Amino acid sequence: MENLPESARHFGLIPGQGGQEKSDTGTWLRYFFVEYNPLYFVSAFCMLYGIFLIDRNLSAVTMSSGPMASVALLLVLQLYEISLLAAAIFLAHRLGAIRPAAMLCLLECVLLFDCTFRLEGLALQSWFGAVIDVLWLLMLALKLRMMAIAMRLDFKAYHYVAVLLAAASIPVLIALLSSADSNTAIVLHVAAWLGSLMVLALELRRPALKSGWSKNGEQARLADTCIKAAFRILIGFYFYHIWAFLFFVADPHVRAAAMVGQFSAYFLLCTITRESVRDIWKFAILMLASCLLTPAILMYAMLLLSLILALQAGYRLNGNLAVGASLMMFAATYLKGWNGDGAALPDFPIWYSWNCVLLVTCLAMIIYRTRNLLAITLLSCAALFMLYRYGGALLPYKETGKGIVVIVLAFTILLTGLWVNMRFRIGTGPDEAS
């Protein structure tokens, strides 16, 4: 035992030793069967397996309808979850057994987002299913409060709202995926993006969460690890619902494209969180590439990336990102209404259309604020193209008129030359010129 690595002791894989305490058999038994009490996991397994057995034989249950049987099973699971958290509060506050209480709270995180698929069974029950979903969310808020009491977590309103929004999106997405009127591929892509945003929402204020049971730095580190694990479990079970539909319910012709589209969740997360501007561009392009198999989602992907790049540009004062946001927005409006499926691309908008005017306005504002070379180049190329395309119609037909235009152009070019020398001065006085 003395040859075991210190890392094993550091991460709680073996009992800690204080003073002259020996790692004898009794210590190990107490460690693995009291501090890490396996009976809680056995209890949870029995609950889930019992629900699974009953769910497979709902026709044999003497109830008025299938939905009521699903509601009954959901109610039993809620009662069990409340019992878990009540036990955690009792262990922590009455017995001072913090580690078993933390285990119960982590176990509750596995159950919190309905790992038994009861919500899927109620997705198409119209108003009845909606009422059950609302009641489930209210129960979830109560369970979050009980978890905070058990672990003495200083939950703020933000934490409750973030977790409840993540939970509320599950029945909404399930209902959309189960509806015959919705585009399954688009919903699966949007669900993946929502998962990325949920990761950010939960992580944003997580470092501020502290446990009142932590008395020193090591305990605070362990508490932070448990909180991080709890949030990871919740996000994992959000995707658990989405991917269960993707792999077991979705049509095969939708599945392949949607599976590739799930990678866009990671690319979106990196686009938001990476520090390097080069990485931001790289992952934004990868996100668009992962959506190519589902052309109908490209417009939504570009709108989302336009918003993200605009926020990144404002945060970093980067003109290139601002130009990228403007181009993404223009491309999204150009692709509006196009869903691929062999259809030709829409006609390019005319120069005075609202989206072209908006793009030119955005580029002009970027040039005014940042003097960005990319924006200047794009706007100059657009001006030259417009001059080539429509300039001939603006010129007079008679030579007298053309002469007047050329004379005006001469003065304009002269003033432009003066402006260039004033703007980019080479010297500061006669001595430097000589």
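These residue numbers are counts, starting from 1, taken along the chain as shown.
Cβ coordinates come from backbone N, Cα and C, glycine included.
Here's what TrEMBL has on this protein:
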type     : residues : note
TRANSMEM : 38-54    : transmembrane segment
TRANSMEM : 66-92    : transmembrane segment
TRANSMEM : 101-119  : transmembrane segment
TRANSMEM : 125-145  : transmembrane segment
TRANSMEM : 157-180  : transmembrane segment
TRANSMEM : 186-204  : transmembrane segment
TRANSMEM : 229-250  : transmembrane segment
TRANSMEM : 285-311  : transmembrane segment
TRANSMEM : 317-336  : transmembrane segment
TRANSMEM : 348-367  : transmembrane segment
TRANSMEM : 373-391  : transmembrane segment
TRANSMEM : 403-422  : transmembrane segment
Between the stretches 66-92, 125-145, 229-250, 285-311, 348-367, which wins on the count of C-beta pairs under 8 angstroms to the transmembrane segment (186-204)? 229-250
Please check if the transmembrane segment (125-145) comes into contact with the transmembrane segment (66-92), where contact means 3 or more CB pairs closer than 8 Å and the residues in each pair are separated by 6 or more positions. yes
Six or more residues out from either end of the transmembrane segment (157-180), which same-chain residues have a Cβ under 8 Å from its Cβ atoms? 112-114, 119-120, 122-124, 129, 133, 136-137, 140-141, 144, 187-188, 191, 194, 198, 201-202, 204-205, 209, 234-235, 238, 241-242, 245, 249-250
Closest-packing stretch to the transmembrane segment (38-54), where packing means Cβ pairs under 8 Å, from 66-92, 229-250, 348-367: 66-92
Report, as numbers and ranges, which residues of the same chain sit near the transmembrane segment (348-367): CB under 8 Å and 6 or more residues beyond its ends. 319, 322-323, 326-327, 329-330, 333-334, 375-376, 378-379, 382, 386
Under 8 Å Cβ-Cβ from the transmembrane segment (229-250), and at least six residues away from its ends along the same chain, one finds 105-106, 109-110, 112-115, 117, 119-120, 163, 166, 169-170, 173-174, 177, 184, 188, 191-192, 195, 198-199, 202-203, 206, 258-259, 262
Sequence-distant contacts of the transmembrane segment (285-311), meaning Cβ under 8 Å and at least 6 residues beyond its ends, amount to 183, 185-186, 189-190, 193, 256-258, 260-261, 263-264, 267-268, 271-272, 321-322, 324-326, 328-329, 331-332, 335-336, 338-341
